[in-house]
Amino acid sequence: MNNFTETDYLFVTDQDDGDGCLSHVGKLGGYQPLILGPGCETFAHTAHEIGHALGMYHTQNRHDRDHHITVNWANIPDGLKDQYVKLTEKQNTNYGLPYDYGSIMHYGSSIKQPSMTPADINYKTTMGSPMISFIDLSMINKRYRCKGTEYITDSYKTKQLT
């Protein structure tokens, strides 16, 4: 299927059995497809899927998400409910970084009806972003232990709303 000599690589393609954007979360090892089908041609979709390949889950899956959003399960189609399942801290570390409503990994607040309601109403129309946020970059830097990023967590004080 390929002539690559690299042991591990990301294979970007638009080939899939259906439409959509798809990437495994984290490194598989060896051949790893990143599918950008019809409707996934934007920078935002591409960056979001690369985020998955780098090991990032959706922000709304964070173990501490209930302090920041309420998931409106009745407004989420059955085929999408898995995109909102809360992970444990062991499954998805946040490296001490605050909840990021503006993450490229955060879904918007609505599908057809509100799928999520933020604890702070000021974020109702700003959930999700077409751009990579500072916290997204900080999380990747922490995950891969990039030098010079040790101070990042200390500069944040997470405010939990009740």
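Just so you know, glycine gets a Cβ as well, placed from its N, Cα and C.
Annotated domain 'Peptidase M12A' per TrEMBL: 1-147, in sequence order. Across the domain 'Peptidase M12A' (1-147), DSSP assigns 40 helix, 22 strand, 85 coil.
Annotated Zn(2+) binding site per TrEMBL: HIS48, HIS52, HIS58, in sequence order. Taking a C-beta cut-off of under 8 angstroms and a sequence separation of 6 or more, HIS48 (Zn(2+) binding site) has the following same-chain neighbours: CYS21, ILE104, MET105.
Sequence annotations record features per position, and here TrEMBL assigns active site to GLU49. Taking Cβ-Cβ distances under 8 Å and a sequence separation of 6 or more, the neighbours of GLU49 (active site) in its chain are CYS21, LEU22, SER23, LEU34, ILE35, LEU36, CYS40.
Across the binding-site residues listed here (HIS52, HIS58), the residue whose Cβ sits among the most other Cβ atoms within 10 Å is HIS58. The Cβ centroid of HIS48, HIS52, HIS58 marks the Zn(2+) site; residues of that chain outside this set whose Cβ lies within 8 Å of it are SER23, VAL25, GLU49, GLY51, MET56, TYR57, ILE104, MET105, given in sequence order.
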